[in-house]
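Engineer: Relevant sequence annotations retrieved from TrEMBL are reproduced here:
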- 14-245: domain 'NAD-dependent epimerase/dehydratase' (DOMAIN)
- Gly18, Ser19, Thr20, Gly21, Phe22, Leu23, Gly24, Lys149, His188: NADP(+) binding site (BINDING)
- Cys118: site 'Important for catalytic activity' (SITE)
- Tyr145: active site, proton donor/acceptor (ACT_SITE)
- Arg196, Trp211, Arg218, Asp278: substrate binding site (BINDING)
Amino acid sequence: MQIVEEIKMKKKHIVVTGSTGFLGRHLVPILEKQYGRENVTALSSKDYDLMDPIQVKQMFNDCPMDVLVHLAAYSGGIGANRKYPADFYYRNTLLTALVFEEAGKRKITKLIYPMGGCSYPAKAISPIDEEQMWLGYPQEESAGYSAAKKMGIVASRSYRTQYGLNSVVLIPGNMYGEYDNFRNDESHVVPAMIRRYFEAMRGGAPEVIMWGTGNPQRDFVYAGDVAATIPWFIENYDSSEPVNISSGTTTPIRVLAETIKKQMNYPGDILWDTSKPDGQMIKIFDVKRLTSLGLNCPTTLEEGLKRTINWFVANYDNASDGLRI
Ligand SMILES: NC(=O)C1=CN([C@@H]2O[C@H](COP(=O)(O)OP(=O)(O)OC[C@H]3O[C@@H](n4cnc5c(N)ncnc54)[C@H](OP(=O)(O)O)[C@@H]3O)[C@@H](O)[C@H]2O)C=CC1
Ligand SMILES: C[C@H]1O[C@H](OP(=O)(O)OP(=O)(O)OC[C@H]2O[C@@H](n3cnc4c(=O)[nH]c(N)nc43)[C@H](O)[C@@H]2O)[C@@H](O)[C@@H](O)C1=O
């Protein structure tokens, strides 16, 4: 039985778009280990610009595939989302629509598509289960991104009905980990805080300024845990019903700031700039569907932060290992 399983897994050819990004860098080694390097094709925007329908067709022509893991997206923190909502809407709409359209026509075996937890309604009640998805408009600051990504659910259902495309929509929580984007104008909160403490210590700054009130609560999930669930979905899940992929834990932003400060041994003070947006006040995910499938995201925030900080510090001076800074 085990041999049959292994052969079944090795037979698949998997293409990963967005493989040079944050989640992609966690996922590709897992897939290569599980399916064999020769069976995984890892792509970036340098290979194909997937906002261009001709290049999308070209990718499918050039890359024979059973499974497409479509990670390519335009992603960023609350600051970037607030500043460039039209770009987030436009790019992610194209990156979603064009790939589903072509995948549907090519009849691949499976398409895996991650969406954002911010696609839930702003008024969703935490812990947010998958049934709350359509109960309202997403949080205003990131609605361009969130609504565009949310169309992945509509696409998944539509292309399943009309073309028989077997696609799966996964909803990671607030991901953090090695390979994240640490650029000041693009980053999410974890990389932003790590970088701020590090540079404050280097420059001898007596205080750091964080965004908002510190009162929002988030459900942080280690990106390596999210990536580790994907082979299971490739093998076992054949539904357009989305699944939350998160830790299900609650961390106030103020606690996050204190935790990272302690781990980095920053001796100064934390100030809060309340002119910056808080975003959704409470965004915690219900993970009952995930656990009912036998899956979980077990890395503790302490452990995940330790790995992330170590990677950042090791690569800061030379912007090595692809550190985006
Ligand atoms: N980060 C998070 O907290 C969350 C992310 N997600 C989703 O997870 C997925 C992965 O996100 P993440 O890894 O953070 O994203 P990143 O921003 O780290 O990486 C984006 C990837 O997409 C590629 N890409 C961007 N534009 C194009 C394009 N026009 N054509 C082809 N490739 C393109 C980039 O290629 P290149 O390197 O060449 O630029 C890069 O490989 C996305 O679908 C995102 O929406 C969901 C929930 C939370
Ligand atoms: C994953 C998700 O990410 C975004 O939504 P978000 O959950 O608000 O994530 P965030 O990491 O940007 O912020 C989390 C909290 O942290 C606070 N905060 C403090 N100081 C900094 C700071 O320096 N940078 C940032 N970015 N936030 C900070 C910030 O004020 C907020 O209260 C969306 O773009 C959405 O589109 C999406 O995809």
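Keep in mind that glycine also has a Cβ here, set from the backbone N, Cα and C atoms.
For each feature listed, report its degree of burial, its nearest neighbours and the pertinent distances within the displayed model.
Structural biologist: Remark: Gly18 (NADP(+) binding site) has Gly24, Leu43, Ser44, His70, Leu71, Ala72, Ala73 as non-local neighbours, by Cβ distance under 8 Å and separation of at least 6 in sequence.
Cβ neighbours of Cys118 (site 'Important for catalytic activity') (same chain, under 8 Å, six or more residues apart in sequence): Pro138, Gln139, Ser142, Tyr145, Ser146, Gln280, Lys283. Cys118 (site 'Important for catalytic activity') falls within a helix when secondary structure is assigned with DSSP.
DSSP classifies Arg196 (substrate binding site) as helix under the three-state reduction. The Cβ of Arg196 (substrate binding site) has 22 other Cβ atoms within 10 Å, all protein chains considered.
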Engineer: Please find which two of Arg196, Trp211, Arg218, Asp278 have the most distant C-alpha atoms, given that the record lists them as binding substrate, and give only that distance in angstrom, rounded to a whole number.
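Structural biologist: Binding-site diameter by Cα atoms for substrate: 20 Å.
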Engineer: Within the domain 'NAD-dependent epimerase/dehydratase' (14-245), what mean pLDDT does the predicted structure show?
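Structural biologist: PLDDT averaged over the stretch: 97.
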Engineer: Could you tell me the C-alpha distance between Phe22 (NADP(+) binding site) and Trp211 (substrate binding site) in angstrom, no decimals?
Structural biologist: 23
Engineer: Whole-number Å only: compute the distance from the Cα of Trp211 (substrate binding site) to the Cα of His188 (NADP(+) binding site).
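Structural biologist: Distance between the two Cα atoms comes out at 11 Å.
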Engineer: Could you list the residues of the same chain, at least six apart in sequence, whose Cβ is under 8 A from the Cβ of His188 (NADP(+) binding site)?
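Structural biologist: Spatial neighbours, sequence-distant, of His188 (NADP(+) binding site): Gly76, Gly77, Ile78, Asn174, Met175, Tyr176, Asp180, Asn181.
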